[in-house]
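> Take a look at this one; I'll ask things after.
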Amino acid sequence: MGSVSSEARCSAIRDAWGCDSLDKAEAFIQAQGENGRLAMENFVGNAFAPSSQHMDSVDPKTGKAFAKVPISSAAEVDEALRKATAAFKGWSKTTVATRSKYLQRVAQLIQENRELLAIWESIDQGKTLARARIEVDRAVSNFSYFSTFILHQETAARIIDGVALTYEHRSPAGVFALISPWNMPLYLLTWKIAPCLAFGCTAVAKPSEVTSMSAFLLCEIFRLAELPEGVINVVFGDGPTTGSALVKSPLVKGISFTGGTATGIRIRKDTADQIYKHLSLELGGKNPTLVFEDVDLSKAVQTAATAAFENQGEICLCGSRIYVQSAIYDQFVAAFTAYVTANYQRGGKMGAVVSLQHYQKIRSYLELAESEKATFNTGSTPVADPKNGFWIDPVILTDISTSSRIMREEIFGPVVTIAKFDSEEEAVELANDNPNGLASVLLTKDASRIRRVGEQIEAGLVWVNCWLVRELGTPFGGMKNSGTGREGGEYSREVFTVVRTLHIPM
Ligand SMILES: NC(=O)C1=CN([C@@H]2O[C@H](COP(=O)(O)OP(=O)(O)OC[C@H]3O[C@@H](n4cnc5c(N)ncnc54)[C@H](O)[C@@H]3O)[C@@H](O)[C@H]2O)C=CC1
Ligand SMILES: O=C(O)/C=C/C=C(\O)C(=O)O
């Protein structure tokens, strides 16, 4: 360890690594101009490799391109998969203590470079620097959690009728494709890489082409951590060229994917005849927040607002459909609108939305809301042709039909709807009236109601009087169209290992 020199950094890493304050990063971007954009490179077999095709990476807060992301070809993906396959032989046989040490080293390096990672994540994704720092800290936790989790695994043995001793033996499942979206780039990629490596698998990871910068910096961290060659490889690129080649390859024995439901369906279809592939799909949400009349109004408003607008509403767990019991409906709408107006402003809690394409998608839902005569309690449809970044102020909509596409489809932006209900039964019915079933928030002080209602909500996660409280051992994933499988602690072990049962006659 410790022999890796920073001289061997590829030039884009050298440039980016020099920017350890927001001012320096902004000045660097300004100075490099149109032609000198940071050109990211793939990370294959512990070395950076330039790619021939690129697309622009854009700073959502300004709308200006600042870097170039490779669009890796099928041949480049295949090269990375071959490295991962070769590395699997050795890595899958290392002891948990060895793997644990590597993961701890990665956690420490992320921690040491917290500000650098947060700055570039914020520039690349549009999120606030404060939010980016939280997510870097959570990336550290992903590695440190799994580095210790694997040290405490037990295997139960059983004796069957005095004739045989049986036990389960788990081994790493093979090479994984790890594909992540653009909303929490570093956090979600490391949520996959950490358990994958911890359980003895090797990987080719592909971050979203829209936000690749933190994954590129993470490659340098892997290089500095001196992970054995080929254990973790990162290829950059889009879905149709790079992602598709990756998921379809027979060298891939499992896929952990987070992203849109349509892409999840595509991946299922593309791998339908590769029955051996483990699939863990964490997809979209259209999550309800239920507010009962017994709540402490100001606490309920704060929780519902955070759930709706954190990270500009670009978290699959965001509560984008609020239902309020009739007795407090008017009071809640007024207090919620006042709170959001006072607390969610550009450059404060609000960043920019991730891309022009996504801005236009959100805008199209707001045009629909106008045409359906919804009430805009705050916010409005933004301009069609944004000149200085992709900014959308929070929008709170009321007077919308439950059958409207605005109520049914994932908008994934700073747009929330509020509607009313009378009874508990109606609240459950409204909450469940959606094809998705990822998360939900239940706001009430009534302990018996918490169980009665909470146990009926069709969602993988029910947060009671809170939102986004995470413990990495609990099962994470969705019901209905929100996904297949769960990850976290033991559940990640299911994803990344295969099990055989041994029967030994006594
Ligand atoms: N976590 C979530 O629930 C997320 C939901 N979304 C939703 O999905 C919508 C579309 O956003 P996108 O960026 O287009 O998400 P997406 O699902 O297309 O992208 C997620 C990842 O999948 C990759 N990908 C795309 N097509 C692929 C294919 N055929 N095979 C393998 N990998 C592929 C992408 O390159 C990216 O790395 C958003 O507007 C939002 O509503 C988007 C991102 C995250
Ligand atoms: O684990 C979390 O806290 C957040 C996860 C978020 C997603 O999976 C998402 O937005 O896609």
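Glycine is no exception: its Cβ is also placed from the backbone N, Cα and C atoms.
Positions annotated as active site by TrEMBL: E282. The domain 'Aldehyde dehydrogenase' annotation in TrEMBL covers 51-501.
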> Specify the secondary structure state of E282 (active site) as given by DSSP, simplified to three classes.
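Where E282 (active site) sits, the three-state DSSP reduction gives strand.
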> Give the mean pLDDT for the domain 'Aldehyde dehydrogenase' (51-501) on the 0 to 100 scale.
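The average pLDDT of the model in the domain 'Aldehyde dehydrogenase' (51-501) works out to 97.
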> Neighbour count, 10 Å Cβ-Cβ cut-off, for E282 (active site): what number do you get?
27
